[in-house]
Amino acid sequence: MHNLLENLRRRLLAQRTPEPLPPTSQGLARPSHDVVRGPCDADIPPDARNTMMPEGITVEEALAVAELPQKHALDILATAQAIRSVHKGGPAALCGIVNAKSGRCPEDCAFCAQSSHHATGSPVHALLDAETLLRRAEELRQSGAERYGIVTSGTRLTVRELATLCEAAVRIRRETGIALCGSLGQLTPDAAACLKEAGFSSYHHNLETSRSFFPAICSTHAYDDDIATVRAARAAGLRTCSGGIFGMGETDAQRIELSATLRELDVDSIPVNLLSPIPGTPLQHRPTMPPMRALVSIAIYRLMHPARDILVCGGREATLGPWQSWIFLAGANGMMVGNYLTTTGRDMADDLAMLATLGVRA
């Protein structure tokens with residue numbers, strides 16, 4: 001193993017991730033500086049989770065790992081896997097989503113099928129009713145998913161849509177018990193507080209890419225708008241889930257730049273998406289990432305974030321193909337199951353069988 005990797009491995013393995021907080025009689029965690037390791041930490045205040053998060057490698061070290069020759073790729077994965085097994089060694093975290101409002105988005109994100117700027121033929125529908133949202137929640141709960149992401153297109157929800165969704169959330173929580181995650185666009189502090197009160201425990205809002213590459217991907221809103229949304233969610237006591245998409249033309253250094261920003265924001269969970277080029281979008285002819293480059297990039301994120309959840313989500317089928325199980329060898333500790341927003345995911349039974357074979361899920 002390369003000396004750089006061996007030194008990083010020793011240093012990261014020497015750090016200790018505190019055990020999950022014990023529940024109180026009310027079912028919430030006692031205030032503490034400890035960090036929670038498991039995926040089902042919806043009721044733990046963010047400040048109680050992350051104040052003693054083990055330190056990952058520096059940006060300079062991450063760049064050095066990215067520049068190692070291809071012959072060291074397996075050693076990079078092995079290093080990340082060792083870190084994952086110590087700091088995030090529990091069962092694989094699983095989440096699923098529903099496309100609760102689709103299409104006609106005014107944003108011009110170059111990768112997105114739902115943008116009104118692109119001719120993709122993507123489905124268009126208004127906000128789903130409570131019964132449909134409840135049915136999907138129950139399906140995901142029965143499949144083993146711990147978290148249910150409700151995703152809507154558009155810059156942000158209207159006041160009426162937000163109220164409708166919060167009413168549905170109360171019922172979903174009462175009847176299924178599944179943890180709720182909102183992915184509803186830009187968020188104000190008042191909207192974040194409303195979601196928290198309705199029973200949402202986390203909020204997902206991707207930065208998509210690094211600040212330096214963002215202008216090549218989107219021109220209709222500012223990078224700081226997305227950062228403000230993540231901060232508003234965290235300030236409201238919501239668990240924050242934010243990541244990006246690999247393979248849009250960014251460099252290794254820009255993926256690492258995004259990782260550093262996510263660390264500064266102290267997010268709880270990092271979803272990694274791999275570009276699946278969609279016809280009609282500006283990135284339709286973009287080749288998919290080489291599988292090993294994608295896996296090495298995931299591994300570098302694990303080295304930078306030893307104890308945060310890292311979930312591989314959209315695009316894993318197109319980019320990784322038969323190597324999908326390698327995401328866990330690369331340091332990921334979870335994945336999205338079921339279908340995505342506008343594309344079909346792998347059969348859930350196949351994913352669950354894969355997880356059982358790997359021993360990361362019963």
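Any Cβ shown, glycine's included, is placed from N, Cα and C.
According to Swiss-Prot, the region 'Disordered' annotation covers 14-39.
Swiss-Prot lists 87-316 with the feature domain 'Radical SAM core', giving sequence analysis as the kind of evidence.
The feature [4Fe-4S] cluster binding site is assigned by Swiss-Prot to Cys105, Cys109, Cys112, with sequence analysis given as support. Long-range Cβ proximity for Cys112 ([4Fe-4S] cluster binding site), meaning a same-chain Cβ under 8 A and a gap of 6 or more residues, is found for Cys105, His118, Ile278, Thr281.
There are 25 other CB atoms within 10 A of the CB of Cys241 ([2Fe-2S] cluster binding site), with all protein chains counted. If you look up Swiss-Prot, you'll see Cys181, Cys241 marked as [2Fe-2S] cluster binding site, on the strength of sequence analysis.
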Around Cys109 ([4Fe-4S] cluster binding site), how many other C-beta atoms are within 10 angstroms of its C-beta?
25
Got a sec? Which of these binding-site residues, Cys105, Cys181, has the most Cβ atoms within 10 Å?
Cys181
If you average per-residue pLDDT over the domain 'Radical SAM core' (87-316), what number do you get?
96
Write out, in the order they occur in the sequence, the residues of the chain not among Cys105, Cys109, Cys112 that have a C-beta within 8 Å of the mean position of the C-beta atoms of the recorded [4Fe-4S] cluster site.
Glu107, Asp108, Phe111, Ala113, Gln114, Ser115, His117, His118, Ser153, Cys218
